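Colleague: One structure follows; several queries about it will come next.
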Amino acid sequence: MCLSVTLFWTHLFFLLANSLAVFEPYCAVFAPLLHFGFLSTFFWTSVLSFDIWKNVVTARLSSRKRSGLVVYGFIAWGVPALVVSVGILLDRVAPNFPLSPTYGRYSCWIGSSLNQFVFFTMPMTLLLLFDIGLYVHIVVHVRKTAKRAAAFDFKGGDSMSNMALFVKLAFIMGITWILAFINLFFAIFVLDIAVIVLVGLQGVYLFFGFKDYAYLLPKKPRKKKGVVPFRRSLGIRCIDSQLDICAAVICRPGRVCRILDNGLASCQCVQHCPSHYKPVCGTNGVTYDNHCQLHKDACVRQKHISIKHKGVCKKSKVKQSHHKYHQKPGFT
């Protein structure tokens, strides 16, 4: 929500400053506001990217205290405010200084190219590189997780769902601004049109990507396994989304991911199986009452046991021994 609000008023001021005949005194006011707005947008994108990265890679919820929001807000709004304050101070104290941003002197923006690089392009580049690093780490982590799932013969997510996740995260974590940054140097007409459309629609895919439309629909009591809203971590709707952190946790056969009260994702042994399922023969030569009992035995023994074939084992008719299935919270 904070990113969306920042985007809205920044784009509004940008359109007003570039569509109307604004006099220099008013441009001197618009320019610092635009500078602050765009910097805040990049910082909020980086803060959001970091929060997503932390939840996916560590598979743990953030602190539920409001102090988390205070820290994020201080970074996303405080640092841009500090940069703009330094620029305004230089304009007032040393207007002829080479690094003075000269707000509103030549246009409703920063004056020279050197000052734009120091006060805007360089911070934007560093933040985008930070976002790219987090995004690449998430992609590598999810792909490794998928490979581990395949090694255990466990269905932990297909390639299409992973690709949809990567595309969604790319838009949320700043691919639009990366394209805009590239367009600054190459000035390709088609890319310029694409950037204008994507930047203009950024609030739209944030609205649908973060499922903000859910607030407009009637609330229905339902519970999803492993789905953790970011608002639980910050206690406010400023950073608000739903992310299946169990998607980044691969459990051995016979275990399923559950979110514990302390916010950790834990692999728990399966405790239920329909009684009408038929016996199966495991790769260990043991006959089980059903496939759930096989997975449960694999869970307790912490061994990879898969279904060899349906029915009773030919060489051995040994039934599964009974175990007390106690599982301590933790990862496997």
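Keep in mind that glycine also has a Cβ here, set from the backbone N, Cα and C atoms.
According to TrEMBL, the protein has these features:
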DOMAIN    1-214  domain 'G-protein coupled receptors family 2 profile 2'
DOMAIN    268-315  domain 'Kazal-like'
SIGNAL    1-21  signal peptide
TRANSMEM  29-48  transmembrane segment
TRANSMEM  69-90  transmembrane segment
TRANSMEM  117-142  transmembrane segment
TRANSMEM  163-182  transmembrane segment
TRANSMEM  188-210  transmembrane segment
Colleague: Please indicate, using numbers and ranges, the residues of the same chain that are 6 or more beyond the signal peptide (1-21) and have a C-beta under 8 Å from a C-beta there.
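Modeller: 27, 30-31, 33-34, 37-38, 40-41, 44-45, 48, 73, 76, 108-109, 199-200, 202-203, 206-207, 212, 237-240.
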Colleague: Count up the helix, strand and coil residues in the domain 'Kazal-like' (268-315) according to DSSP, in that order.
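Modeller: The composition, in the requested order, is 11 helix, 11 strand, 26 coil.
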Colleague: Mind checking which residues of the chain, 6+ beyond the ends of the transmembrane segment (29-48), have their Cβ under 8 Å from one of its Cβ atoms?
Modeller: 2-3, 6-7, 9-10, 13-14, 16-17, 22, 72, 75-77, 79-81, 83-84, 87-88, 101, 103-104, 107-110, 119-120, 123-124, 127-128, 130-131, 172-174, 177, 239
